[in-house]
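Below is one structure, written out as structure tokens; the observations come after it.
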Amino acid sequence: DILAAFRVTPQPGVPPEEAGAAVAAESSTGTWTTVWTDGLTSLDRYKGRCYDIEPVPGEXXXXXXXXXXXXDLFEEGSVTNMFTSXVGNVFGFXXXRALRLEDLRIPPAYTKTFQGPPHGIQVERDKLNKYGRPILGCTIKPKLGLSAKNYGRAVYECLRGGLDFTKDDENVNSQPFMRWRDRFLFCAEAIYKSQAETGEIKGHYLNATAGTCEEMIKRAVFARELGVPIVMHDYLTGGFTANTTLAHYCRDNGLLFHIHRAMHAVIDRQKNHGMHFRVLAKALRMSGGDHVHSGTVVGKLEGERDITLGFVDLLRDDYVEKDRSRGIYFTQDWVSLPGVLPVASGGIHVWHMPALTEIFGDDSVLQFGGGTLGHPWGNRPGAXXNRVALEACVKARNEGRDLAREGNEIIREAAKWSPELAAACEVWKEIKFEFEAMDTI
């Protein structure tokens, strides 16, 4: 069975048991009245069941309801259908004031009907020939307004300076100031030029997101013809059907697949309504993607750190034990579905490098947008600074030093022999983003 953990906030006067049962029924065979066609099927076999209700500590009005829906209610290999069934109608339900899907358990029998990520972590490392460290990326800014040639130039400078990947911003599709084909060509030129000069494999996440599936495949085909290693998709705005289509194309044609989660906060920001990102992350692993953005943890609160690491493990590991302190409501066995690399991006710079290296470990992508391009000397030194900081942190960690305690010291030592890093350290020494975390247990 597929198990779902909901946080239910019933309307005043509605007991939590009734609200939980209503949620389970609406996600399966129930409707608002008894119908004669009920007699034509075995409702006992197909109905959803609410099997557990517990109070949410510290919140009088809400309860955590765990519902089970039989695997036969879902189409094989379709995340779209899974969500339509599990969360389709029930969120507008009159009896519940608010409803949040906290976690799903996907049984191995259902997991096996999905292709999952086109390649996974190990295959990606082998393709890129990069081992033993996180992968470095950078989003090209300003995200809108550059011409294709200048955009390609920015890409080249970053890759030449020492980054592994650069990235199209999620909003860069094919706008009047830069059509997709021109961008693809100039970025491919930047990739090949920087590869030839550095002897490392480089890539640029070419955003193939478009208005129709056919147009997306057309862009992916063009990327494959250019011989570039990776394309990108906005999986929530593009939709799961489009995402799975593109993921299948990527596996068949040897393209890596980077996933951006634009629009996720619309769904996962509220504590009492919507869906937690760990559900969207699980869905992405089934639908297919080699990288997915997953927040940064750095500079925020500890509570959020555990929760973020919870869904990061759900993305990377084969088997994840139930652990309520990290927000994981069910044990999840992925049965050999390839892993997804979590991408840390958003407001990070060289001073965060020790923390990022420690928190995310080697299997991750660290993405610095402004943290590369904001360097006072330009993109290439900015990229060089990030690479030096990363190598210093990995080396220190391998020597057994404590990155959490000695992080700043490690960066300062490295800055002594890298003027680029020293300049970066100077620029970003005071910047902090101090806000309360939304996502606490």
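In case you wondered, yes, glycine gets a Cβ from its N, Cα and C as well.
The shown structure was predicted, so the numbers you read here are calculated from the model rather than taken from an experiment.
Pulled from Swiss-Prot:
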- Asn89, Thr139, Lys143, Arg261, His293, Ser345: substrate binding site (BINDING)
- Lys167, Asp169, Glu170: Mg(2+) binding site (BINDING)
- Lys167: N6-carboxylysine (MOD_RES)
- Lys300: site 'Transition state stabilizer' (SITE)
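Where Swiss-Prot records a feature, it is marked here on the structure.
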residue	record	DSSP (3 states)
Asn89	substrate binding site	coil
Thr139	substrate binding site	strand
Lys167	Mg(2+) binding site	strand
Arg261	substrate binding site	coil
His293	substrate binding site	strand
Ser345	substrate binding site	strand
Query = Counting every protein chain present, what is the number of Cβ atoms, excluding its own, within 10 Å of the Cβ of Lys143 (substrate binding site)?
reply = 15
Note = Record-annotated substrate contacts Asn89, Thr139, Lys143, Arg261, His293, Ser345; largest Cα to Cα distance in whole Å is 37
Query = Given the binding-site residues Asn89, Thr139, Ser345, and counting only Cβ atoms in the protein chains shown, which has the most within 10 Å of its Cβ?
reply = Thr139
Request  = Around the Cβ of Lys167 (Mg(2+) binding site), how many other Cβ atoms lie within 10 Å? Please give the count over every shown protein chain.
outcome  = 29
Request  = With Lys143 (substrate binding site) as the reference Cα, tell me which of the binding-site residues Lys167, Asp169, Glu170 is the closest one.
outcome  = Asp169
Query = Hey, of Lys167, Asp169, Glu170, which of those binding-site residues are within 10 Å of Arg261 (substrate binding site), Cα to Cα?
reply = Glu170
Key: Among Asp169, Glu170, the most crowded of the binding-site residues [Cβ within 10 Å]   = Glu170
Key: Arg261 (substrate binding site) CB neighbourhood, other CB atoms within 10 A   = 23
Key: Length of the line joining the Cα atoms of Ser345 (substrate binding site) and Glu170 (Mg(2+) binding site), in Å   = 13
Remark   = Thr139 (substrate binding site) and Lys167 (Mg(2+) binding site), compared by Cα position, are separated in whole Å by 5
